[in-house]
């Protein structure tokens with residue numbers, strides 16, 4: 001329940017990403033009184049970062065060493081690449097944590113400003129969608145890590161039951177110091193590698209969930225602007241007149257000035273968010289085609305049914321990640337361009353020349369759709385189709401060499 005002074009959106013604001021962010025010590029927060037981050041957040045971050053770095057370095061190294069065996073190499077490269085990208089995501093958020101906290105506060109101010117029931121209902125709907133998508137990502141990632149962790153245990157139990165030779169393997173193909181796989185230390189190593197996978201899941205569910213939530217909140221902010229524009233002309237009751245009076249034009253200009261201020265604040269926030277996410281989105285998309293391609297090849301080449309099930313979970317999580325970035329970016333661009341459509345449908349032709357200039361200024365800026373653009377591409381649903389097509393082409397090419 002929210003306090004009586006809080007809007008309805010407060011209960012849903014970054015609900016799922018906040019949980020993941022707190023677990024890895026990266027949720028943008030400050031100590032009351034303007035201080036730095038809590039000490040326990042630093043400890044959690046150091047542990048999570050160390051676990052993910054060890055997994056990324058060890059698994060990628062294992063894949064490079066075993067390039068002569070494609071199946072074994074791909075089994076190491078798939079989770080290793082994901083962890084390597086997560087190392088980057090964790091570092092970007094840690095390095096600029098104060099700036100991320102400022103962005104959260106700015107977005108909160110934008111969404112908290114409108115307390116109308118209609119506006120809050122719309123924002124809660126978008127926030128619910130964002131949280132459900134974030135939960136889907138967290139669930140698919142957790143299922144993938146559980147599959148990697150349980151597969152060696154199940155196979156080891158089966159060998160013990162039927163009295164086959166062999167020992168329990170580690171959950172990931174990874175290069176470790178020799179002492180880490182000694183019988184006395186092996187259980188601890190297994191637990192730490194499981195923790196490495198869990199930290200990876202919480203890391204990307206936080207960062208990617210933060211992105212999709214931010215994008216849908218920006219979409220909601222642009223829709224608030226659209227509602228404000230409709231209300232300006234609806235409150236005038238100008239259906240009975242052919243031309244607005246001077247008083248009506250003055251009222252329109254006064255209220256449009258407030259709309260312009262909010263619109264500019266949203267665009268500035270979107271620009272700053274894009275600047276912060278540029279490296280993260282770029283590296284995620286550059287690695288996406290490789291991850292999808294290698295995962296599908298793993299499923300095709302692997303003869304173990306358990307391994308196949310594990311990589312089916314993996315590809316679901318990878319596709320969910322990619323979809324969230326494209327879905328969020330697509331919503332931002334469409335909602336920003338919709339402001340111009342709403343404004344054009346209003347009775348602007350009844351305004352005087354001075355008021356029309358204000359309307360034209362908003363119209364021209366809105367026609368340039370705001371996007372979460374990074375070098376070489378913009379996250380959108382067409383970009384998702386392009387990446388899936390590229391991954392399919394890579395698979396077709398590699399199959400000719402197998």
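Just so you know, glycine gets a Cβ as well, placed from its N, Cα and C.
What Swiss-Prot records for 1-42 (among others) is topological domain 'Cytoplasmic'.
The transmembrane segment annotation in Swiss-Prot covers 43-63 (among others).
Swiss-Prot lists 64-73 (among others) with the feature topological domain 'Extracellular', giving sequence analysis as the kind of evidence.
Swiss-Prot lists 74-94 (among others) with the feature transmembrane segment.
Annotation comment: Swiss-Prot describes 95-134 (among others) as topological domain 'Cytoplasmic'. Sorting the topological domain 'Cytoplasmic' (95-134) by DSSP state (H, G, I as helix; E, B as strand; all else coil) yields 35 helix, 0 strand, 5 coil.
Sequence annotations record features per position, and here Swiss-Prot assigns transmembrane segment to 135-155 (among others) based on sequence analysis. Beyond its flanks by at least six residues, the transmembrane segment (135-155) meets 16, 20, 79, 168-172, 194, 197-198, 200-202, 204-205, 208-209, 306-307, 309-310, 313-314, 316-317, 320-321, 324 of its own chain at Cβ-Cβ distances under 8 Å.
Mapped onto DSSP helix, strand and coil, the topological domain 'Extracellular' (156-173) counts 6 helix, 0 strand, 12 coil. Among the features that Swiss-Prot reports, topological domain 'Extracellular' is placed at 156-173 (among others), with the record citing sequence analysis.
Here Swiss-Prot flags 174-194 (among others) as transmembrane segment.
Sequence-distant neighbours of the topological domain 'Cytoplasmic' (195-201) (same chain, 6+ residues past either end, Cβ-Cβ under 8 Å): 24, 47-48, 51-52, 54-55, 79, 82-83, 86, 138, 141-142, 144-145, 148-149, 171-172. Taken from Swiss-Prot, the feature topological domain 'Cytoplasmic' covers 195-201 (among others), and the record attributes it to sequence analysis.
Within its own chain, the transmembrane segment (202-222) has Cβ neighbours under 8 Å at 14, 16-17, 20-21, 23-24, 26-27, 48, 52, 82, 85-86, 89-90, 93, 103, 107, 110-111, 122-123, 126-127, 129-131, 133-134, 137-138, 141, 262, 266, 269-270, 273, 277, 280-281, 321, 324-325, 327-329, 331-332, 334-336, 338-339, 372, counting only residues six or more beyond its boundaries. Among the features that Swiss-Prot reports, transmembrane segment is placed at 202-222 (among others), with the record citing sequence analysis.
The topological domain 'Extracellular' annotation in Swiss-Prot covers 223-276 (among others) and is backed by sequence analysis. Summarising model confidence by region, the topological domain 'Extracellular' (223-276) averages a pLDDT of 87.
Swiss-Prot lists 277-297 (among others) with the feature transmembrane segment. Counting only same-chain residues 6+ beyond the ends of the transmembrane segment (277-297), those with a CB under 8 A from a CB of the stretch are 70, 74, 77-78, 81-82, 84-85, 88-89, 92, 207, 211, 311, 314-315, 318-319, 321-322, 325, 372, 374-377, 379, 383, 387-388, 390-391, 394-395, 398.
Taken from Swiss-Prot, the feature topological domain 'Cytoplasmic' covers 298-307 (among others).
The feature transmembrane segment is assigned by Swiss-Prot to 308-328 (among others), with sequence analysis given as support. Within the chain, the transmembrane segment (308-328) has long-range Cβ neighbours (under 8 A, six or more residues past its boundaries) at 78-79, 82, 133-134, 136-137, 140-141, 143-144, 147-148, 151, 204, 208-209, 211-212, 214-216, 281, 284-285, 288, 291-292, 295-296, 298-299, 302, 372, 379-381, 383-384, 387.
Taken from Swiss-Prot, the feature topological domain 'Extracellular' applies to 329-402 (among others), supported by sequence analysis.
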Problem - Secondary structure content, the topological domain 'Extracellular' (64-73) (per DSSP, counts of residues) - result: 6 helix, 0 strand, 4 coil
Problem - For the transmembrane segment (43-63), sequence-distant contacts whose Cβ falls under 8 Å of one of its Cβ atoms, 6 or more beyond its ends - result: 22-26, 72-74, 76-77, 79-81, 83-84, 86-87, 90-91, 94, 172-176, 192-193, 195-197, 199-200, 202-203
Exercise for the section: State the residues, same chain only, that lie 6 or more residues beyond the ends of the topological domain 'Cytoplasmic' (95-134) and have a CB under 8 A from a CB inside it; answer 'none' if no residue qualifies. Expected result: 6-10, 12-17, 26, 28-30, 37, 205, 208-209, 212-221, 223-224, 227, 262, 265-266, 269, 272-273, 276, 320, 324, 327
